[in-house]
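> Provided herewith is a single structure, encoded as structure tokens, for subsequent inquiry.
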Amino acid sequence: MLKLIDITWLYHHLPMRFTLAVERGEQVAILGPSGAGKSTLLNLIAGFLAPASGTLLIAGEDHTLTPPSRRPVSMLFQENNLFSHLNVQQNIGLGLNPGLTLNASQREKRDAIARQMGIESLMARLPGELSGGQRQRVALARCLVREQPVLLLDEPFSALDPALRQEMLTLVSDICRERQLTLLMVSHSVEDAARIAPRSIVVADGRIAWQGKTDELLSGQASASALLGIKSHIL
């Protein structure tokens, strides 16, 4: 579904280089130390950064040079980027038409995703009138209403309290499973990764240093566990 072949980004003339394959419907966590290149990897996939070399394939098509607006990808950031002067209904509608002129089918899609996110009663409110969790639900709805096959999450729930964060992770995981979306999620928490992603990759020094089962990483038995400060539970 998603394949990166030696995708290279030059950071202060030092190369970050990624080779990765992710299957359709797979949920993968991206972990690693601060500054390792996790967000860079997502931005290369989304098209916000242009690689110096390499190839990026999505569903077998070459999207290495495709602009972000035309890539079959949606991305959600920690900063939800909602427009403060637009209400919830309009912010979601932007995912369907930047001009907010929606036909009947598009309006039904907008309303359906609002119901699924549990925000249908908030449609007339402005972002400033919402809680942090509600704003992230709106931002997630705007991503999902675009119906792209790849969803990228760059720590969008890290500012939420633990209970709400777990609720949002479960919601995302369920929706991705239901729609067979391919999910890549950057996180600093291996515990969060274990809730949503059976597979993890660890990025270090601009490379994929390890990839495998999240449970193995969490147990401390993986070679990359030490990079994340995880100690083996075996005495």
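Cβ coordinates are placed from backbone N, Cα and C, and glycine is handled just like the others.
Take a look at what Swiss-Prot says about it:
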BINDING   Gly32, Pro33, Ser34, Gly35, Ala36, Gly37, Lys38, Ser39  ATP binding site
DOMAIN    2-230  domain 'ABC transporter'
> State which of the following binding-site residues has the fewest other Cβ atoms within 10 Å around its Cβ: Ser34, Ser39.
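Comparing Cβ neighbour counts within 10 Å for the binding-site residues Ser34, Ser39 gives Ser34.
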> For Gly32 (ATP binding site), what residues in its own chain, 6 or more apart in sequence, show a Cβ-Cβ distance under 8 Å?
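Listed in sequence order, they are Lys38, Val202, Val203, Ala204, Ala209, Leu227, Leu228.
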> Restricting attention to the domain 'ABC transporter' (2-230), give the mean pLDDT.
91
> Let me make sure I understand the structure: which of the binding-site residues listed (Pro33, Gly35, Gly37) has the fewest other Cβ atoms within 10 A of its Cβ?
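Each of the binding-site residues Pro33, Gly35, Gly37 was scored; lowest Cβ tally within 10 Å is Gly35.
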> Enter the number of other CB atoms within 10 angstroms of the CB of Lys38 (ATP binding site).
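For Lys38 (ATP binding site), the 10 Å Cβ neighbour count is 25.
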